[in-house]
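> Before I ask anything, here is the structure I am working with.
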Amino acid sequence: MKSIGLNLSGREYKILIGSDLLSETATLLREAIPCDRVVVITNIDINRIYGKKLKKHLESKGIESLFLELPEGEIHKTLDMAAHIYPQLINHFAERNTPILALGGGVIGDLSGFVAATYQRGVPLIHLPTSLLSQVDSSIGGKVAVNHGGVKNIVGSFYQPRLVIADTGCLKTLPEKEFACGMAEIIKSAAIGSSELFRMLETNTQAVKDRSPEVMEDIISQTAAIKAGIVCQDETDRGIRNILNFGHTLGHALESTSSFSQSHGAAVAIGMCFAARLSVRLGLCENETALRLEKLIADFGLPTNPKDIDPDKIIEAMHHDKKVSDGRIRFILLKRPGEALIAENILKPDVLSVLEEMK
């Protein structure tokens, strides 16, 4: 098991990464929060695979558990779904010291975190991420949010978990499409923060695709450490943390304009290719860098170009993004593998030109 610590203005928590950690949940949980009762928020598919085993494990250690099973999908990450959860917490007599365990992927983590942050002004949050994307990205850093009015993550806050338990054994049951989505975030982290990880992904593509336990634990740990290091410098996303949004400006617009039928990982993959091409157009990086990134993305079965887009609608969606400041769309652009920069004064014709090239 590997452990990564985050220290945020005196508030500390750990990200634990290893195989079969779900079977140690009770012990690891009690090391962070003394408790004898928890609420587990999950979805139908994850509950079917892990719910019964986790519930039995918790009960064997004297921890009473209420499992709340939600429908699957980004479309359900809403205020209405949060409002559906609150009465169940009240009826269960959940108190301010009753932990909420988020068992699932990014949608469950975001929604559970939003509920934990707002129920009784905040209850302990524990992430049990089961998807690759959530293990390397969404469970780390404290962003919690729901979608509203067709805009992704527009209602939310920063609310740090007390513990993250990333069981790499969960990746064995992860569908190929979901695995690829997680790889998009790993590639993103390598592109902005580690040329060594970028090269490792290029030279060990097949071992990663085969989900070699040793390789996966290594790259998950490296990716988590990159994000943790950035979050510790800028918890509330006012400065350097913005570089974690590489690929997300276009990515979120693609998700929103598709009514969230476009997966997050695929959208971010396309967004990274767009950002790299825009970087080349602006003379910020070599064309070879963009080509290497596109090849790596394609090698993991992710798309590099959008389908059936209306560039004007994409631009409009970008203006609704949280990253807009003083009416200016903020882009994260690439200089070379492992180094990115924040850019705001990008001209609309340049954006439209690259979008047209990618159609």
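Every residue, even glycine, has its Cβ placed from backbone N, Cα and C.
Note that the coordinates shown come from a computational prediction; the quantities given were computed from them, not determined experimentally.
What Swiss-Prot shows for this protein is this:
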- 72-77, 106-110, 130-131, K143, K152, 170-173: NAD(+) binding site (BINDING)
- E185, H248, H264: Zn(2+) binding site (BINDING)
> What's the CA-CA gap between E185 (Zn(2+) binding site) and I75 (NAD(+) binding site) in angstrom, rounded?
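About 21 Å separate the Cα atoms of these two residues.
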> For the recorded Zn(2+) site, enumerate neighbouring residues of the same chain (Cβ within 8 Å of the Cβ centroid of E185, H248, H264, site residues themselves excluded), in sequence order.
L133, D137, A184, K188, G247, G251, G265, A267, V268, G271
> Pick out which of the binding-site residues S131, T173 has the most other Cβ atoms within 10 Å of its own Cβ.
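Max Cβ neighbours within 10 Å, all protein chains included: S131.
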> Which whole-number value in Å describes the distance between the Cα atoms of S131 (NAD(+) binding site) and H264 (Zn(2+) binding site)?
13
> On a simple 10 Å Cβ count over all chains shown, which one of the binding-site residues G106, G109 is most densely packed?
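Answer by Cβ density within 10 Å: G109.
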> In which DSSP state, out of helix, strand and coil, do we find S131 (NAD(+) binding site)?
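Coil, per DSSP.
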> Quick check: of the binding-site residues listed here (E72, I75, G106, G109, T173), which one has the Cα closest to that of H264 (Zn(2+) binding site)?
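Going through E72, I75, G106, G109, T173 one by one, the closest to H264 (Zn(2+) binding site) is G106.
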> Which of E72, E185 (the binding-site residues) has the most other Cβ atoms within 10 Å?
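Sorting the candidates by Cβ neighbours within 10 Å, the top entry is E185.
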> In the structure shown, which of the binding-site residues I75, C170 has the fewest other Cβ atoms within 10 Å?
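Ranked by other Cβ atoms within 10 Å, the binding-site residues I75, C170 bottom out at I75.
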> Tell me the Cα distance separating H248 (Zn(2+) binding site) from E72 (NAD(+) binding site), rounded to the nearest angstrom.
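Each residue's Cα considered, E72 (NAD(+) binding site) and H248 (Zn(2+) binding site) end up 22 Å apart.
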> With every protein chain in view, what's the tally of Cβ atoms within 10 Å of the Cβ of H264 (Zn(2+) binding site), excluding that atom itself?
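The Cβ of H264 (Zn(2+) binding site) has 25 Cβ neighbours within 10 Å.
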> Hey, how far is T173 (NAD(+) binding site) from H248 (Zn(2+) binding site), Cα to Cα, in Å?
27
> Given G106 (NAD(+) binding site) and H248 (Zn(2+) binding site), what distance in Å do their CA atoms have, once rounded to a whole number?
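Given the Cα positions, G106 (NAD(+) binding site) is 15 Å from H248 (Zn(2+) binding site).
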> For E72 (NAD(+) binding site), what is the secondary structure by DSSP, using just helix, strand and coil?
coil
